[in-house]
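Novice: I'd like to ask you about the structure that follows.
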Amino acid sequence: MTAVLQLLVPLLLAAIAPVQAAGPSNGDLRLVNSTGGPSALEGALQIYLATNGTWGAVCVRAGSNKELYNTVCQQLGYTGADGTGSYVTNVSVNNVTNDEFPAPLLTGVQCSSVYPHLLRCGYTLVTDVMEDICEDGTGVPYVTCMSSNLTSSGPYPGQVALFYGEWSSEGLLQVYLNNRWGTVCSEFFTLANGDSVCQQLGYTNALYYGPYSQYGIRWIWLRELNATCNSSCFKDCYTAPTIRNIYCSNRDDVYLVCTFDTTRYDSSLPYGRNCSLEYGTLTAAFIAVLMILFCLIVSVYIIIFIMRVVVAAYHKTEHYKLKDKRHRNRRHDFDEYRSSLDENSMILSNDYTVKD
């Protein structure tokens, strides 16, 4: 009984307590513009490290590759960087200078490819607490992202995204199915499911999840899930629905917080992979053939049924015709018989008259 209560109490508390913003998680990024405030699309790069509990600068060498800038923009939810980017040194770039920044936390950052998370790139942690600016020959990346975001620029079936969060690592969980975004019910959602979502987004694991009803009435896709699903693709945790779920309400929509835990990072796992549910050409053709065969079979059954009804009606009509004919024949025979009796009676009557 105690074990059951230990299992149910957290679920009940999660059901009645709304999710609160968790604040930045390890590896979150932000762009800071010339006013020193956050910018949606453009600014000098800062990173949050949970071990320090602070935001800090990121130092890169001059001429850093475009993969770094694209990685930053994709982690922030955009399709990529607008151009190759620049970097901030003690000479100001767009009125932002190196010494206006907080102390650097990472240096020598270099991305060999475009990743969904910056901490997948190579870097060195800054351990010198006295280091307050990037060293000579390096600077802070000044990033300009394209305005198109990943959720509206050709989303694929099975794509997941976090909406309305203060940081890119958290938000209202939605999945793209049947050409529209929809939410996920928290009733059967587990931390293992959250890990699958976060890994598909490029993080290592889920930090927290719970119901959140702040965002009004929305289409709900998923309710029943594989609670122990252990996959870097969320699509492996459910059976894709064809219609919306009507057994859950938006007050139970999942709000999810992801994080990038460097101690849990496994380079062999495909973080941030494309987990498309699209059918292949062969599968689509096979389904089309099955649908045609099904329609043909149904049509044949309908034709057979109609023919049987017509034949039955014909036989019934013929039966009544035959019965009527027999009845008329019997009537005719009876009439002839009576006529012959009448003639015989008349002959006998005449014979008796002659004798008299």
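Every residue, even glycine, has its Cβ placed from backbone N, Cα and C.
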Novice: Candidates are Cys121, Cys134. Which one does TrEMBL pair with Cys111 through a disulfide bond?
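Specialist: Going by TrEMBL, Cys111 is disulfide-bonded to Cys121.
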Novice: Can you count the other CB atoms that lie within 10 A of the CB of Cys121 (disulfide bond)?
Specialist: 21
Novice: Determine the mean pLDDT over the domain 'SRCR' (29-146), rounding to the nearest whole number.
Specialist: 81
Novice: Below 8 Å Cβ to Cβ and six or more residues apart, same chain only. Which residues does that give for Cys111 (disulfide bond)?
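Specialist: Cys111 (disulfide bond) has long-range Cβ partners Asn65, Glu67, Leu68, Thr71, Leu118, Arg120, Cys121, Gly122.
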Novice: Could you put numbers on the helix, strand and coil content of the domain 'SRCR' (160-259), residue by residue per DSSP?
Specialist: 18 helix, 35 strand, 47 coil
